[in-house]
Amino acid sequence: MMITSAVVLYLLLLSHQTVSEEQVQQFVIGEKGNNTTLHCLDHPVNASSVLYQWKKDGAVVATQNPPNPSVHLSISENGFLRISGLQLIDEGLYECESQAKGGRSWQTLSKIQLTIAAGPTGVSLDISPATFLNNGTLFVHKGSNVNFSCSSESNPSQNLTWTVDNLASDNPEREFGSKSPLAFSITNIQPLDQGTYTCTSQNTLSRRTANKTQELLVYYAPERHPECSWELGDKPSDVLFICSWFGGYPVPTLTWQEVEGAAEGPTINLTTSQQTEELNVSVNRSILHDGDKVKCTGHHVTGVEKSCSFTLKIPYPTGQPLATALEGTNITISCTETSSLPPAKTVWKKNDDLIENTSKYIVQENRPALTLTIVNVTKADEGVYYCYSENPLGARELEVYLNVKTSAGNGGAIVGIFVSVLVMMIGIVVGVTVYTKRDRICIGLRFSQLDDDRVDVLSLVDSDEEEIFHEAVPRLPPVTNGHATTLVEIHRIPSCDHEDIADSTEQSDQTRANLTEAGPQRAELQPAV
């Protein structure tokens, strides 16, 4: 506002300086295309006694009672100048002159400065890059760089202002200036920047304004993929397929369709499309088959397309088919089901009766496992238990046979354990005994080998030559019966020498004879030669 006032004041001063010498008495502002009337200020009281004419910039432009009246310029009876349909060329200094009837001179009565204000017209704005919708609204993609430009025509000058009307901005003014076009830009535009953008142009002289508005939307697709899920329908025979894709603007278009059907049986014939963030489709379970593949595709106006899918699978519970328990104890059996789509409901049964939590049975679900604990097992608990899994495609079960053993049946096991321990202890004793007697056992084996490999001859020889014993001969300790110990020398004879066996035999006889004698003797085992 301050800038506008300053411009108007400047123009007025400029006009005043231009015609100051002419003593301008009035300044009039007219708008292009409108009508205006210039008053002759000092006209006589009896206007009918005088004639009037008007000059513009020193040239006569209008007289009373002209031979060819002008629609654009005309003079009233009281001397007022009426200008119809103001044009820019009408701008200038106007002088009102009067002359008495029959007189010959004209007298200037007033001088008026007429200024023509035009516009603003032709206000236009441009927002790019942007796309028009059918209703004329523009949209841009989130994260893009957007340029804004506004222009208009105005005389003598104008002020341009960009404003935005949205909930996120406290200050609606975005840009201001007097030069046309007026431009600014937004880098990495976000959803908070969407709103109604207005370009306003104001004539600095006439204060007339003109504007143009444009609604701008910021579109963006969801960042994540669609999510496919399922649940049982309102009817036991129905299953509900759920596709959701949240987080985009505007809402996407979701489509359910069958991608791959089963080899046999009727197809799902699932093709449903809707502009929404969540699309639910109810399908009768009778047309669902193991191996059917369904897909949900999300289309967004920004051009983004994403999808999710799943393949239908019948349940297949797994686990150990045999369990053994001791009577009077607790036992836990379990089964696991992970392959079914939609997820199956799994329960434990016995004899087609559903097993629920009681003081006897404890059922616990810890997905994907389902456990059954039988408390204080008895012989009556023996039998087949069923892990039953069912989903909309069908049902399957796992048979688990429970074998219950009584305490009397453990006697054989106890005896077996006792015998095993006894055999182990005997083995340990034998091993320790052999280890402690290893020297005797080894020596006995050694002598038995010597008897097999060679023939030894024992010879006892009496000797009177005491000098052959130069060193003290060690004595063996005396035996308890008091007899003297005989010293024996053993000389080995290889078993392969058999020539003098007869002589050796004679010596052996002699040796046996000598051993019968009492007293210290010397035995010598000499090899036969």
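Quick reminder: no glycine exception, Cβ is built from N, Cα and C everywhere.
Annotated domain 'Ig-like C2-type 1' per Swiss-Prot: 19-110, in sequence order.
As annotated by Swiss-Prot, domain 'Ig-like C2-type 3' applies to 317-403. Look at the domain 'Ig-like C2-type 3' (317-403): DSSP puts its residues at 3 helix, 52 strand, 32 coil.
Counting every protein chain shown, the number of other Cβ atoms lying within 10 Å of the Cβ of Asn35 (N-linked glycosylation site) is 11. Taken from Swiss-Prot, the feature N-linked glycosylation site covers Asn35 (among others).
The N-linked glycosylation site feature in Swiss-Prot is assigned to Asn46 (among others); the stated evidence is sequence analysis.
Residues annotated as N-linked glycosylation site in Swiss-Prot, with sequence analysis given as evidence: Asn135 (among others). For Asn135 (N-linked glycosylation site), applying a Cβ distance below 8 Å and a minimum sequence separation of six or more within one chain yields no residues.
Look at Asn147 (N-linked glycosylation site): DSSP puts it in a strand. Here Asn147 (N-linked glycosylation site) comes close to Asp126, Ile127, Ser128, Ala183, Phe184, Ser185: these same-chain residues lie at least six apart in sequence, with C-beta atoms under 8 angstroms from its C-beta. For Asn147 (among others), the entry in Swiss-Prot reads N-linked glycosylation site, with the evidence type sequence analysis.
Here the Cβ of Asn159 (N-linked glycosylation site) has 22 other Cβ atoms within 10 Å, regardless of which shown protein chain they belong to. Per Swiss-Prot, N-linked glycosylation site is recorded for Asn159 (among others), and the stated evidence type is sequence analysis.
Residues annotated as N-linked glycosylation site in Swiss-Prot, with sequence analysis given as evidence: Asn211 (among others). Asn211 (N-linked glycosylation site) falls within a strand when secondary structure is assigned with DSSP. Its own atom aside, the Cβ of Asn211 (N-linked glycosylation site) has 17 Cβ atoms within 10 angstroms in the protein chains shown.
Sequence annotations record features per position, and here Swiss-Prot assigns N-linked glycosylation site to Asn269 (among others).
Here Swiss-Prot flags Asn280 (among others) as N-linked glycosylation site, drawing on sequence analysis. DSSP assigns Asn280 (N-linked glycosylation site) to a strand. For Asn280 (N-linked glycosylation site), the same-chain residues lying six or more positions away in sequence with a CB closer than 8 A to its CB are Leu240, Phe241, Ile242, Cys243.
As annotated by Swiss-Prot, N-linked glycosylation site applies to Asn284 (among others). Neighbour list (Asn284 (N-linked glycosylation site), Cβ cut-off 8 Å, at least 6 residues apart, same chain): Ser237, Asp238.
Of all Cβ atoms in the protein chains displayed, 12 besides its own lie within 10 Å of the Cβ of Asn330 (N-linked glycosylation site). Residues or ranges marked as N-linked glycosylation site by Swiss-Prot: Asn330 (among others).
Cβ-based neighbour count (10 Å, all protein chains) for Asn357 (N-linked glycosylation site) stands at 10. Per Swiss-Prot, the feature N-linked glycosylation site maps to Asn357 (among others); the stated evidence is sequence analysis.
Just so you know, the Cβ of Asn376 (N-linked glycosylation site) picks up 11 other Cβ atoms within 10 Å once every protein chain is counted. The N-linked glycosylation site annotation in Swiss-Prot covers Asn376 (among others).
Among the features that Swiss-Prot reports, signal peptide is placed at 1-18.
Annotation comment: Swiss-Prot describes 21-411 as topological domain 'Extracellular', evidence class sequence analysis.
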- Query: DSSP on Asn159 (N-linked glycosylation site), three-state: which is it?
  - Reply: strand
- Query: Where the distance is taken from Cα to Cα, which of the glycosylation sites Asn330, Asn357, Asn376 turns out closest to Asn35 (N-linked glycosylation site)?
  - Reply: Asn357
- Of the glycosylation sites listed here (Asn159, Asn330, Asn357, Asn376), which is spatially closest to Asn211 (N-linked glycosylation site) when Cα positions are compared? Asn159
- Item | Asn376 (N-linked glycosylation site) versus Asn357 (N-linked glycosylation site) - Cα distance in angstrom | 15
- Message: I need the CA-to-CA distance for Asn159 (N-linked glycosylation site) versus Asn330 (N-linked glycosylation site), whole Å please.
- Response: 91
- Per DSSP, what is the residue count of the domain 'Ig-like C2-type 1' (19-110) in each of helix, strand and coil? 9 helix, 40 strand, 43 coil
